[in-house]
Amino acid sequence: MRFMTLLFLTALAGALVCAYDPEAASAPGSGNPCHEASAAQKENAGEDPGLARQAPKPRKQRSSLLEKGLDGAKKAVGGLGKLGKDAVEDLESVGKGAVHDVKDVLDSVL
């Protein structure tokens, strides 16, 4: 669960950096999709314009990644809420059992 949260935050930070300033996001060849997309567009500048239109749009990719990350975060938060409720119920049941055990011990002693 922590890994998914860190993954989501990393993806969100990367998307924000790319959206803010793609040239400052990374150096060439570092594997950053924002930089690679802009480099591919520069390489295709002298080619047929129809070929340049076939490149995927990074904004759609980023928005789908953000949506997936948000869905994952919502599921993680929902899971934490359920886990907390289960823990409280377990503690209450253990507490009730312990109270009855103490009463039984006191009754037997007195």
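The backbone N, Cα and C atoms fix where each Cβ goes, and this holds for glycine too.
Record note: of Ser26, Ser30, Swiss-Prot gives the feature O-linked glycosylation site to Ser30, with no matching annotation on the rest. Checking the candidates Ser38, Ser63 against Swiss-Prot, the annotation O-linked glycosylation site falls on Ser38.
When Lys42, Lys68, Lys96 are compared in Swiss-Prot, the N6-acetyllysine annotation sits on Lys68.
Asp86 (Zn(2+) 2 binding site) sits 28 Å from Glu67 (Zn(2+) 1 binding site), taking the Cα positions as reference. Asp71 (Zn(2+) 1 binding site) falls within a helix when secondary structure is assigned with DSSP.
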